[in-house]
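Peer 1: Following this message is one structure expressed as structure tokens.
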Amino acid sequence: MSTVIVFETHSWSEDNDRGIATGWLPGRLSDRGRSLAIELGQRRRDDGIDAVFTSDLRRAVETTEIAFDGSPVPVLHDWRLRECDYGSLNGRPAAEVHGQRTNHLDQPYPDGESWRQAVTRVGGFLADLPSRWDGKRILVVGHVATRWAFDHLLDGFPLEDLATADFEWREGWEYVSADRLTPKRRTSGTADRPLHPVPGSADERT
């Protein structure tokens, strides 16, 4: 069988307002973010979700706490869903950090990790899903690295394309994870839909 994964980014944070790349720092939702988290709950509470998984970073946890407050749907924290660790660049201006993305697809950020390492980390989460959530529909609340991992490992988009593709926001992205994780293969330049924000995009939530 397979697991249906609905992905949503964490809500808008105070660092997003300030143009900061939060990375592995906890972050905190802004007033706008708290309102968006309420909207997320309104559209997902009755969406047939069997469980919610969230990054353990505060901005993602806060998103799920608001969205699913009082809901019987279980909410589970998993550190593997974290954003890419920018190392010594955590908390630096987003334009500075995101402008270096293509340089760090395989080369780790100073004292941090590479995007490929972050994707591999999220892949460990995907590999564990069949043991309990086969045939279920789950919601994942995460970050750019989380979504890159789903696009790369489940839909086969090259990281090189993900690092530079245009972005079109929508209310969630849906993926299917088979009982055995076998990534599709695409060659660079084959993206047939908008994937992710270009560096510095105003709608990017890191």
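Each residue, glycine too, has its Cβ placed from N, Cα and C.
What TrEMBL says about a protein is an automatic prediction, not a curated fact.
Sharing the features that TrEMBL gives for it:
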- H10: active site, tele-phosphohistidine intermediate (ACT_SITE)
- E83: active site, proton donor/acceptor (ACT_SITE)
- T22, G23, R59, E83, C84, D85, Y86: substrate binding site (BINDING)
- 180-206: region 'Disordered' (REGION)
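Give me the structural setting of these features: burial, nearby parts and distances.
Peer 2: In the three-state DSSP assignment, the secondary structure recorded for H10 (active site, tele-phosphohistidine intermediate) is coil.
Look at E83 (active site, proton donor/acceptor): DSSP puts it in coil. With a 10 A radius on its CB, E83 (active site, proton donor/acceptor) counts 25 other CB atoms from all the protein chains.
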Peer 1: Which value in Å gives the longest Cα to Cα span across the substrate site residues T22, G23, R59, E83, C84, D85, Y86 as recorded?
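Peer 2: Taking every pair of listed residues, the largest Cα separation comes to 16 Å.
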Peer 1: Just counting, how many other CB atoms are there within 10 A of the CB of R59 (substrate binding site)?
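Peer 2: If we count other Cβ atoms within 10 Å of R59 (substrate binding site), we arrive at 30.
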Peer 1: What does the structure give for the C-alpha distance between D85 (substrate binding site) and H10 (active site, tele-phosphohistidine intermediate)? Integer Å is fine.
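Peer 2: Taking the Cα atoms only, D85 (substrate binding site) lies 16 Å from H10 (active site, tele-phosphohistidine intermediate).
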Peer 1: So if I draw a 10 Å sphere around the Cβ of H10 (active site, tele-phosphohistidine intermediate), how many other Cβ atoms end up inside it?
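Peer 2: Taking all protein chains shown, H10 (active site, tele-phosphohistidine intermediate) has 30 Cβ neighbours within 10 Å.
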Peer 1: State the Cα to Cα distance, in Å, between E83 (active site, proton donor/acceptor) and G23 (substrate binding site), rounded to an integer.
Peer 2: 6
Peer 1: Using a 10 Å radius around each Cβ and all protein chains in view, which of these binding-site residues has the most neighbours: C84, D85?
Peer 2: C84
